[in-house]
Amino acid sequence: MDIHLRGWLGWATIFAIALSVNGLSKRDMFDYGEQAGDQLLEQGTDQTQQLILNQSMFFFDGTYDTINTNGFLSVEEPQVESEYLGKMPASFRMIAVFLGDLDNSDGVGKVYYRQDSRPSILLRTTDHINQAFPQDDEIKPTHALIITWENVAAHGVPGRGDGLDRKRNTFQLVVASMASASYAILFYPREGLQYISTPVAGQSELVHTGFIKGRVKGWFNWSSSPGPYYRIATDNETSVRQLSEETNSGRRGVWVYEIGTSPIFYSITPGQVTNLSPEEGMAGGQMESVPEFPPRNTGEQQEIEFPPYEHEEEEETPEQELNPEPDQPRYPEPVQPSYLEPVQPAQPQPPRYEPQTPQVVVVDEDDDLDVDVFAYNSETCASNRQKCSSFADCKDYTNGYCCQCRPGFYGNGKDCVAEGKPQRMNGKVNGRVFVGNTPSPLELSNNDLHSYVVANDGRAYVAISTIPAGLGPSLQPLSSLGGVIGWAFALEQPGYENGFSIIGGVFSRQAEVTFLPGNERLTIKQEFKGIDEHDHLVVSTELEGRLPEVPRGSTVQIDPYKEIYQYGSNLITSSSNRDYTVSLPDGSVQTKAYQWRQTITYQSCPNDEEVRAVQSTQQLSVDQIFVMYDSGNQLIRYAMSNKIGSIHSGPPEQNPCFTGRHGCDTNAACRPEEGIQFTCECSTGFTGDGRQCYDIDECREMSEICGSHAICNNQPGTFRCECMDGFQFASDGKTCVEVDRPIDHCQRGTNNCDIPERARCSYTGASAYICSCLSGFVGDGYTCQDIDECEQGRCHRDAVCYNSQGSFTCQCRPGFHGDGFQCTPEHEKTQCERDRESIQVSSNTGSFSFFRLRPSVSQYVPTCDQHGAYEPTQCHGSIGQCWCVDGNGQEISNTRTGPGQRPLCIDRGVIPPPIGPTTRPDVSPVAPGTHLLFAQSGKIEQIPLDGYSMNKGEAKALLHLPDRVAIAVAYDCVEKMVYWTDITGPSISKASLEGGDTISLITTDLESPEGLAIDHLARLMFWTDSMKDRIEVAKLDGSQRRVLFDTDLVNPRPIVADPSYGRLYWADWNRDGPKIEMSNMDGTDRTVLVKDDLGLPNGLTYDPESQQLCWADAGTRKVQCMDPNGRNRRTIVEGIQYPFAIVSHGRNLYYTDWRREAVVAVDRTTDRETDEFLPQKRSRVYGIATTPTECPQGKPPHTSSLSQYSVGMRFVQ
């Protein structure tokens, strides 16, 4: 389905359910923005974006899998806007949410969109639909498409250039779909609708809202005509204004429609609840009077508008109203949008990247009154003092509180720094940058950015590390990449303030750079996240676009420049033109320029009743600019001097405090006096004469400064208090109080479960627990009764069953032998017994019959165990040799030893799982049966499998690995050991499923081990290292380590082994050439199996039963399987999100997904996902493995495969 997003999606809001007496608020819409996982529509006036849906959407009588979005949502490729604006209805199918000529090219408004299937989102859509259609049952959406426009301006409306005087709208569309129907939920917040018309072709045109079927074909497909157009608002201004005031869902400003059904569609169906709830309908204690306006579709009667040439005689709407004559313009006034009354100034919303806690609404009821009385508690300093800086005071106002820095400090109250103290900034730089005409970008990934500012003279220094030589020289002109810190801490002229003094350290900055004359464009996005615990300003930077190439060896000189900053409410804009000179290695000089335009958004304290006087415009003067690319250390360096002052020219300030030439210590503030006189004063936290300042150790000089149960840590110019272990800060942010530790009632024995012989107590965190009956008992866990298994016929038909408490036993009848579950006549001999007997008989041919059967001296006779199976180690005493055999008695190659030695052979006998009393609950080994093991940061978890279903209720942590990041997980079915790789060590380790300590196996010469495979037959392990780009092998104890491959590898990750055939498979997710390869276990016969239609093959697994090689690809978003010889490739599922690892078990595949943060089950027989497990702690999930109850046998290998497998064993002997 193609989604056409027209206009802008806005900043992320926080979802909070609350009653509103004034109408729908932006906070009542669905959560949106980057932290909600949204994608952003490109800026422009007619931008569209196609989106492939994870689940089909029903619209009118059609089903669609792709959509387009652009201020509306269409299920077909839309036309250019000139073909439908002012010419409605359009000829293609669309949902017109708020259709007009909208614009998102000025950097303030944004359009976000995403698909969401989280239970919390689906539950909320269900609530809206059920309230709008109270008679409908079985409303269970399984998919939601959320599109949000915020602060969208009308295109073509003039403004002064900074965007502050433009009217802006905010609205949202949610399409909820289930198996046979789709619903549209539209949100129109009251404060979000500031205009209702836009300029179109020289006239002011009312916006359109409704559902359009487009052109439909006639019965014989000879011609087409316009289909139905269901309108939400009519061509009346009052009707459009009432979008935020009325409803068909019982909630003001919320409109719900059934827009498509399958298999039969009748019509667009509106919600049935047109009356507001008592709370929604009251404002100021009384119902608002609603002006009359033409009828609209809010009730049960649906009115559909058809074009006039359909000749619907019963249509009541005048033809002239639907299609006005061209010579009778509808809006004769000047071309300006119409606005709602009263018009409020547009307030650009700051980015809200960090989730805010929804406020709890306290409702107090007065029993003496017949009406409901609502009291809303405001936030006060008493409960929020810790949100202010430790160098700030909290002040209560009528509507809340604000933070204000104390004397000697400056900032916005949330972040405060000492006057005159130097400031450091740290962060990361990411992005993709094209240089010159190169077709491929250079990627930046978590490159370190460090900055240092001498605040008392405005000097700023910036360095970015690990910049490749192909990019570094071309970054030299971009001094303002870190120059924002120069503005934030610029030297202040009299009556003016730098950026940090006004907005603090939490803000967003977006800059657009256009280079001349080549017109290359680069976008810089920076998120400033405040002062951290080390008193450093934290910033994240993202670069996207193209730079003109500066040849290697060139130097760049940037001329001094001035930049005008315009200050509005929560918005700061600036623009400038900058010249720079490039000196080429051949001695020639080039003069170039670029245009700079930036927007800074922030959140001021909304409760401050004292209006702070801030100059509406200020000028930043930047000189002494130095730029250099250090190719030897791959560093780009910038330095500059910054002053903030008036935009008007005048005599320069002579006082050294304003020129920066004062000689004060870098940790001192310069205090101007009369004329050119001044004094130096050490910053707070330092002592000295101002010319030389020394740090005060507050922790040593004031030993009790942090109070009891706290530790004092001295820092330059300040100190920090930290609570001791077992304590935490109280609500005042200062006092350390003891942590309320949870109680494990299961361990203490203070639970009310049945006795341990019948029930298990499971601790679930905090002080909670659950009770469950042990195997062999039935009940609720508090009372458990024995199950009589004998009534269920659990024993063999030739056995007797004996019931006992919690268990039972089976005993074969006389004349039969076995374990009671399988009974056979006593005279049946095993293969080993028959072979032994035949050899004994053949060696005694011709002897007297009364002699005991025995072989000749040189004859080899197999040895059988007590069950008649071949002993895994067979010996021939006459020649003094021993060797290993498989379950059929066949010798395993390369295991024969000489006299006096015995090989270490593996018992491959299949031991039936024990059936009987369960282990006591105070012992905690892994329960019998097959489990899934998967890695999360800091732990490995297990999920029991009940057949192919995940037993989610019994899932728990198997291993806790603090401060570690386990990536790959593998399992040795012989010794019941789990193996894993750790990229923080890095290391490869193992631990027993039955308990015990972890054992480190490989700890040296590793960088990023990300794949791990176990050969349980040859006792080998194989791993990939994506940093060293190689594949290695070693014995399971870590000895005899060898490198198998170290060439033609870029990003090897998953690796799996097929012990039966001696084969090894691995995948390389090299973005330029992903592939899946195969080789023998000794490294021979390396072959590329798959190289076409791959993106990011992260996960790989091999099923020995079906002999299928399967992989999960995060690039193509598919799970696919094929034969190990590269044939019969087929897609199992597609449209998945971001798989990381995959494992097979029977007919199922299980994969971990980074974005869903889940373990997902896929049925290979039906090609669909069947289940999902969400860990209690949501974070990325990594490797996954199974713990089968018995080692896989696979199909008998061919002779050639056995020889290859033998080579693999010889490799490490």
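Placed from the backbone N, Cα and C atoms, the Cβ positions cover glycine too.
Small disclaimer: the values here were computed from a predicted structure and weren't measured.
Of the cysteines listed (C864, C875), TrEMBL assigns C875 as the disulfide partner of C882. Between the stretches 6-24, 956-974, TrEMBL puts its transmembrane segment entry on 6-24. Between the disulfide-bonded residues C875, C882, the minimum number of other C-beta atoms within 10 Å of a residue's C-beta occurs at C875. When averaged over the domain 'NIDO' (97-262), pLDDT in the model lands at 82. Sequence-distant contacts of the domain 'EGF-like' (695-737), counting only residues of its own chain at least 6 positions beyond either end whose CB sits under 8 Å from a CB of the stretch, comprise 383, 385-386, 390, 418, 421, 533-535, 667, 683-687.
Here the repeat 'LDL-receptor class B' (1062-1106) is broken down by DSSP into helix, strand and coil counts: 0 helix, 23 strand, 22 coil.
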